[in-house]
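Written out below as structure tokens is the structure these notes cover.
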Amino acid sequence: MVWTNLHAKIHRTIKSRQLFGHNQRLLVAVSGGQDSLCLIKLLLDLQLKWRWNLGIAHCDHRWRSDSEANANHVKNLAQSWDVSFYLETANEPLNSEAAARNWRYQALSAIAQANNYQYIVTGHTQSDRAETLLYNLMRGTGADGLQALTWQRPLTKEIMLVRPLLEITRTQTEQFCQELNLPVWEDSTNQDLKYARNRIREELIPYLRESFNPNVESALAQTAELLQAEVEYLEKATQQLREEAMGENINTVDNHYLRLNRRVLQKAPLALQRRVMRQVLQEILVDAPNFEHIEKLTALIVAPNRSQTDPFPGGAIAQVQDDWICLRSG
Ligand SMILES: Nc1ncnc2c1ncn2[C@@H]1O[C@H](COP(=O)(O)OP(=O)(O)OP(=O)(O)O)[C@@H](O)[C@H]1O
């Protein structure tokens with residue numbers, strides 16, 4: 001076995017970040033592209049040390065004409081490595097990125113659930129992290145959107161999504177695959193500049209690298225890393241503030257009615273006021289609340305008695321009643 005710097009790096013990362021322990025069952029999501037091939041190869045080589053039980057999952061979105069061939073390619077690789085292989089095929093071709101992604105995470109969770117894996121592992125890299133940060137930044141977001149791809153995220157109560165390659169760039173995974181002769185399946189849609197993501201990767205990042213900062217990817221990923229810790233802290237503080245603002249109601253809240261104490265909220269910083277309002281709206285609205293929704297509700301913290309908002313999508317209305325903001329769903 002060839003032992004490279006990437007092997008050493010990923011081993012250290014898994015250990016220091018406690019991404020997985022010994023003897024665990026890991027389901028590795030393999031598209032066949034350079035990132036996920038690099039990932040599976042690294043995990044296979046570390047498997048003995050950690051005594052993991054690895055499985056490979058592939059999702060066929062039926063998006064491209066070669067998607068079945070792609071699935072077979074991954075299946076053959078799994079067989080050659082003697083690793084369990086699981087395939088999910090979409091009932092109909094999924095031709096939007098968002099639909100494909102949603103379906104993929106559901107399909108992966110279903111495979112993990114049925115086969116007793118607590119971890120799903122993906123090959124997202126530092127480059128993906130930098131691109132996601134830029135993408136979200138341009139669409140407008142708070143710190144949550146800029147933390148861009150976290151190391152771990154619960155997919156369901158029992159299943160954790162883990163991304164061990166977040167400190168490794170796409171250039172490194174490409175080199176690794178070349179050095180170790182891994183048969184990468186080239187995704188033709190990756191070059192298609194119709195997709196914003198691809199334009200960020202193929203045009204914007206190279207431009208930023210050449211004109212502003214040769215290490216722009218790691219600089220952006222570092223920003224995401226810092227923000228991740230800050231978001232975690234803010235979310236904890238938000239939870240506490242919200243519980244305090246709901247007072248004794250916390251246990252009696254139903255889905256139709258909710259009230260928050262304005263005096264408690266008035267003492268809190270704006271960042272936490274907004275976050276409490278966002279959390280509350282996330283539970284009441286069908287779609288994710290936008291900036292304007294959150295601002296409307298936050299404004300009631302200091303508004304005169306009897307002020308109220310116009311209806312939120314779905315019909316919910318918030319009104320000031322003395323010390324309280326009362327929210328009734330539509
Ligand atoms: N068809 C697939 N089958 C299995 N795993 C996949 C597939 N496509 C992507 N993945 C997994 O997801 C990782 C990220 O892939 P990619 O960047 O193409 O997806 P994405 O849609 O941008 O993902 P995300 O929405 O999670 O950021 C891959 O490294 C791989 O682990």
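Cβ coordinates are placed from backbone N, Cα and C, and glycine is handled just like the others.
Per TrEMBL, domain 'tRNA(Ile)-lysidine/2-thiocytidine synthase N-terminal' is recorded for 26-203. Taken from TrEMBL, the feature ATP binding site covers S31, G32, G33, Q34, D35, S36. The domain 'tRNA(Ile)-lysidine synthase substrate-binding' feature in TrEMBL is assigned to 260-314.
Taking the features listed in TrEMBL, we show where each one sits on the structure.
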{"residue": "S31", "record": "ATP binding site", "contacts (Cβ under 8 Å, 6+ apart)": "H58, C59, N70, V74, G123, W185, D187"}
{"residue": "G32", "record": "ATP binding site", "contacts (Cβ under 8 Å, 6+ apart)": "H58, N70, H73, V74, L77, V184, W185, D187"}
{"residue": "G33", "record": "ATP binding site", "contacts (Cβ under 8 Å, 6+ apart)": "G123, V184, W185, E186, D187, N190"}
{"residue": "Q34", "record": "ATP binding site", "contacts (Cβ under 8 Å, 6+ apart)": "R170, T173, E174, C177, L182, V184"}
{"residue": "D35", "record": "ATP binding site", "contacts (Cβ under 8 Å, 6+ apart)": "G123, H124, T125, D128, L165, R170, T173"}
{"residue": "S36", "record": "ATP binding site", "contacts (Cβ under 8 Å, 6+ apart)": "V28, A29, V30, T122, G123"}
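In the three-state DSSP assignment, the secondary structure recorded for G32 (ATP binding site) is coil. In this structure, S31, D35 are the binding-site residues from S31, G32, Q34, D35 whose C-beta falls under 6 Å of some atom of ligand 1. When the domain 'tRNA(Ile)-lysidine synthase substrate-binding' (260-314) is classified with DSSP, helix, strand and coil residues number 29 helix, 3 strand, 23 coil. Taking the mean position of the Cβ atoms of S31, G32, G33, Q34, D35, S36 as the ATP site, the remaining residues of that chain whose Cβ falls within 8 Å of it are V30, L37, C38, L39, G123, V184, W185, D187.
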